[in-house]
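The feature transmembrane segment is assigned by TrEMBL to 27-49, 61-82, 102-121, 141-163, 201-227, 239-262, 274-293. According to TrEMBL, the domain 'G-protein coupled receptors family 1 profile' annotation covers 42-291.
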Amino acid sequence: TMQRANDSTFPGFILLGFSGRPHLESVLFVVILIIYLLSFLGNSTIILLSILEPRLHTPMYFFLSNLSFMDLCLTTCTVPQTLVNFKGKDKIISYGGCVTQLFIAVSLGGVECILLSVMAYDRYAAVCRPLYYMVIMHPQLCLQLVATAWLIGFGTSVVQTALTMTLPLCGKNQVDHFLCEVPVMLKLACTDTSINEAELFAVSVLFLVVPLSLILVSYGHITHAVLMIKSVQGRWKAFGTCSSHVLVVIIFFGTLISVYLQPPSSYSQDVNKSITLFYTLVTPLLNPLIYTLRNKEVKGALRRLVGRT
């Protein structure tokens, strides 16, 4: 494997992963497989319920089903390759596979950042403008917001992937990671990458800082509106509709900011791998758990669906 990695004609990459700790890879294989299956089941259930249950045909669950679909795509894009590499001796990914993995991961990450800010606006309209909620969040607007998120995410990823994967590597193809990620791929380049790093920082600010700021503004208005409610029960009900979304936002943006907006030397590479493992695997599992275990409407819809079948 190492000889092939040093061969400049080899048309692929070696994903080193945690190869220095083979026992850790064996444990991670089992853990990742279990989490992936649970995540697949949970997100598929949310999508199925959002389609089949008429009571869930609302903007909130339309956005949530899109979020679950993105999580399904992200884990399916990264996890099978990771499992193959953890179990096999040849930790190889083809050049085309690396490009595809990088493109899809960057695209879906950008889409999810925008979608979470859209969901915050949806909660703002539900809590602060309840009488006009269905007028504000009409189906056409919901479709336009989701379509815009997908177009911006994939459009930006085309540029990001092209700038990253066209850098000269001078035969270096040992990736010190378990997947193809922009910061790691930049380290392979045998040329000055300051322009790429500046572009990556600008994109990270655009997709992380700007949506997070909009989310904080939305929840600032929501908090003010909730505190104006005289009924304690009413306050808890209003906070309950938003708490699950806040938890998802903290987990998702926190992990991504720690990877893309921190100086490269802030963490060891093993810590970076662990953080990446968290937001590509654990976060997609937490999303359906958070939204279902804390949501009476989803649990009720699931019971009705099971009862019908």
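Cβ from N, Cα, C; glycine included.
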Feature contact check the transmembrane segment (141-163) with the transmembrane segment (274-293), CB under 8 Å, 3 or more pairs: no
Intrachain neighbours beyond the transmembrane segment (201-227), with Cβ under 8 angstroms and 6 or more residues off its ends: 109-110, 113-114, 116-117, 120-121, 123-124, 127-128, 156, 160, 235, 238-239, 242, 246, 249, 253, 256-257, 260-261
